[in-house]
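For reference, TrEMBL has these:
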type    : residues                                                 : note
DOMAIN  : 11-193                                                   : domain 'Thiamine phosphate synthase/TenI'
BINDING : Gln41, Leu42, Arg43, Glu44, Lys45, Asn73, Ser113, Lys142 : 4-amino-2-methyl-5-(diphosphooxymethyl)pyrimidine binding site
BINDING : Asp74, Asp93                                             : Mg(2+) binding site
Amino acid sequence: MIKKTSFPYQLYLVISEKDCLGKDFLKVAEQSILGGVDIIQLREKNTSTEDFLRKAIALKEITDKYNIPLIINDHFEIAEKIGSFGIHVGNNDKAPSILRNELFFKDKMIGYSIEYLSQLESVNTEISDYLGISPIFSTDTKKDTVTEWGLEGLSKIRSLTDKPLVAIGNINFSNAAAIIKAGADALAIVSAICSAENPEKAAYEIKNEIVK
Ligand code: TZP
Ligand code: MG
């Protein structure tokens with residue numbers, strides 16, 4: 001029996017300017033919201049803190065306009081500076097258990113990437129609001145990954161925890177429904193939306209696959 005948890009967001013856009021392949025990433029974000037994206041994470045690697053901050057401020061104007069939560073990847077000082085909805089961190093970042101003790105993050109959403117089963121036993125999992133199952137399928141968007149969970153790995157994790165599970169990695173229209181069926185509460189997507197010719201349509205079609 002698959003346990004389902006309550007997580008009010010089903011389609012999670014993870015965006016960077018780079019992954020939008022020359023398009024205006026702010027426009028991509030807005031179009032994807034119109035298509036049905038429920039929550040957005042800014043994840044921009046290999047850029048300066050100043051550039052990340054500039055992007056975060058600009059993106060927050062859009063997410064605020066549509067009342068969509070904005071999650072910041074890794075950059076906890078920027079999350080605090082812009083007053084983001086939350087933060088997403090991995091195994092090599094500032095730990096959720098440390099963030100949670102900071103005043104700003106006390107009531108913020110904290111997402112934590114799971115790359116090893118042993119992480120499920122950790123206090124970081126316990127105090128996080130959702131777990132990123134990373135990656136569900138290997139992907140060119142992030143090459144430094146540890147394992148490929150697949151649908152079986154996802155189902156196993158589903159049986160071991162009640163935490164909301166956000167699957168990420170090579171998710172698109174064709175595999176979306178199967179990943180939800182295997183136990184994910186939400187799907188996090190980069191390229192199937194960011195590099196789509198029509199991000200609004202891409203988001204709409206994927207959302208339609210997972211919200212029946
Ligand atoms: N973490 C695990 S896979 C991944 C991240 C950030 C990238 C997912 O990108 P895509 O293009 O949706 O496969
Ligand atoms: Mg990280």
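Residue positions begin at 1 at the first shown residue.
From the backbone N, Cα and C atoms, a Cβ is placed for every residue, glycine too.
Ligand 2 lies under 6 Å from the Cβ of the following binding-site residues, listed in sequence order from Leu42, Lys45, Asp74, Asp93: Asp74, Asp93. In this structure the alpha carbons, written CA, of Lys142 (4-amino-2-methyl-5-(diphosphooxymethyl)pyrimidine binding site) and Asp74 (Mg(2+) binding site) are 15 Å apart. Ligand 1 lies under 6 Å from the Cβ of none of the binding-site residues Gln41, Leu42, Glu44, Lys45, Asn73, Asp93. Between the CA atoms of Asp74 (Mg(2+) binding site) and Lys45 (4-amino-2-methyl-5-(diphosphooxymethyl)pyrimidine binding site) there is a gap of 10 Å. If you take the C-beta of Ser113 (4-amino-2-methyl-5-(diphosphooxymethyl)pyrimidine binding site) and look for same-chain residues 6 or more apart in sequence within under 8 angstroms, you find His88, Val89, Gly90, Asn91, Leu131, Gly132, Ser134, Ile168.
Cα separation, Asp93 (Mg(2+) binding site) to Leu42 (4-amino-2-methyl-5-(diphosphooxymethyl)pyrimidine binding site), rounded: 16 Å. It is Lys45, among the binding-site residues Arg43, Lys45, Lys142, whose Cβ has the fewest other Cβ atoms within 10 Å in the structure shown. Restricting the average to the domain 'Thiamine phosphate synthase/TenI' (11-193) gives a pLDDT of 98.
Cβ neighbour count within 10 Å across all protein chains ranks Glu44 highest among the binding-site residues Glu44, Asp74, Asp93.
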